[in-house]
Amino acid sequence: ILNTGHAGVLLVERRGSYPLIDLRILKTSAQQGEVESGTRRKVKRLLSFQRYCHASRLLRGLVPHTPGSLHLLDDDYLGQAAHMLSKVGTWNFDIFLFDRLTNGNSLVTLMCHLFNVYGLIHHFQLDMVKLHRFLGMVQEDYHSQNPYHNAVHAADVTQAMYCYLKEPKLAEQLSPLDVFLGLMAAAAHDVDHPGVNQPFLIKTRHHLASLYQNTSVLESHHWRSTVGMLRESGLLSHLPADISQDMEQQLGSLILATDISRQNEFLLTFREHLDNQDLDLQLASHRHFILQIALKCADVCNPCRVWELSRQWSERVCEEFYRQGDLERKFDLEISPLCNQQADSVPAIQIGFISYIVEPLFEEWHRFTEPSPLSQTMMGHLHKNKARWSRLRYAHTPSETETTSLYKLILQQSLNSNLVCL
Ligand SMILES: [Zn+2]
């Protein structure tokens, strides 16, 4: 039933984020009696491709593929996709269009291209078959039925990461290993994301929550899944064990940095370095820190994109929040902050997100990269988009105080209590 590609059932079995909800735990007053038989099917349907088609595809303005004619267009599509790749370093790059032109293979196509651009295959003596196998697994293990946390988000973050790696301040200092890890972390940073956040996994007593002791649950899972796929594909198996283990650790450190509840920790350290002007990019540890910051920026850069792209991401992320809210409502759980479609409007959520998460981070990134035309462009979009959401908010029922106070709360929270996991 689930849209899992040709791997079908096997893929569902490999995914660690299944089953999403243990129905034995969630017997609630409204559900009792039908839980064992009927609800299992209903939940499956709720998360299924059908619902994805109805709610999300329409939202995204996509039309279902017509199987008969598609293959005739493939060459033309791929020609256009190849043309787009020649502009992969531009900030206006339309990843949605690229994903359609590559027939849903944006992540694999983009990564192969960037590995070629940087000569990483030659440098690390990578086996092309293994590389394809690894990237294919990563792309497949993203849930295409998630409106936001899917392989297109991963491709988008990878494309942004590439733009940041090209920043003059950074580019000359980076080693092939830095570039390799930066791109790999970007591509895999949300792999097998279940489309719900950490508090949801904790309160439904998901096995991942206890496995990772309620701390950076999703990020830990993204990392360990990546390590599993690296080993399964044998991509790094020709390297000495200590080298490949170090790569796995560094990937973990990068992916774990995307835990938004650790935002303050990173922001304060970054600010301190900039104030003291003591960043030395000759040092591997300092370059690693900047890669962490770059990945964090790439992960939340949606509001820094041109409005037409930015708006689509906003609608998708809110749709994913609302779906979690729908699930919580259905199972008589408390509806999580930002997940109530009636109370939390898209503009209100976006304004909070921009004010408390995105703006503070990109102000420092701007300071670090200065003088950078890209940072200037991003700050321009950021301010314009925020103003646009502000105007739109007054067309909706405002819930400003609730939403912004939530983001304040997130920033005050320490490690083990994150509320939103992007
Ligand atoms: Zn992400």
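From the backbone N, Cα and C atoms, a Cβ is placed for every residue, glycine too.
The active site, proton donor annotation in TrEMBL covers His149. Residue environment of His149 (active site, proton donor) contains 25 other Cβ atoms, counted within 10 Å of its Cβ in all protein chains.
For Gln350 (AMP binding site), the same-chain residues 6+ apart in sequence whose C-beta sits under 8 angstroms from its C-beta are Pro303, Ser314, Cys318, Asn385, Lys386, Trp389. Gln350 (AMP binding site) falls within a helix when secondary structure is assigned with DSSP. Residues or ranges marked as AMP binding site in TrEMBL: His149, Asn150, Ala151, Val152, His153, Asp190, Asp299, Gln350.
According to DSSP, His153 (AMP binding site) is assigned to a helical segment. Among the features that TrEMBL reports, Zn(2+) 1 binding site is placed at His153, His189, Asp190, Asp299.
Taking a C-beta cut-off of under 8 Å and a sequence gap of six or more, Asp190 (AMP binding site) has these contacts in its own chain: Tyr142, His149, His153, Ala154, Val157, Leu218, His222, Thr258. Look at TrEMBL and you will find Asp190 tagged as Zn(2+) 2 binding site.
The predicted model assigns the domain 'PDEase' (73-396) a mean pLDDT of 97. Under the heading domain 'PDEase', TrEMBL lists 73-396.
In this structure, the binding-site residues under consideration are His153, His189, and the one with the smallest number of other Cβ atoms within 10 Å of its Cβ is His153.
The CA atom of Val152 (AMP binding site) is located 12 Å away from the CA atom of His189 (Zn(2+) 1 binding site). Sequence-distant contacts of Ala151 (AMP binding site), defined as residues of its own chain at least six apart whose C-beta falls under 8 angstroms from its C-beta, comprise Asp99, Gly104, Ser106, Leu107, Val138, Gln139, Tyr142, Ser144.
In this entry, His149, Asn150, Ala151, Val152, His153, Asp190, Asp299, Gln350 make up the residues listed for AMP, with the farthest two CA atoms of the set 22 Å from each other.
Between the alpha carbons (Cα) of Asp299 (AMP binding site) and His189 (Zn(2+) 1 binding site) lies a span of roughly 9 Å.
Residues within less than 8 Å, Cβ to Cβ, of Asn150 (AMP binding site) and separated from it by at least 6 positions along the same chain comprise Tyr142, His143, Ser144.
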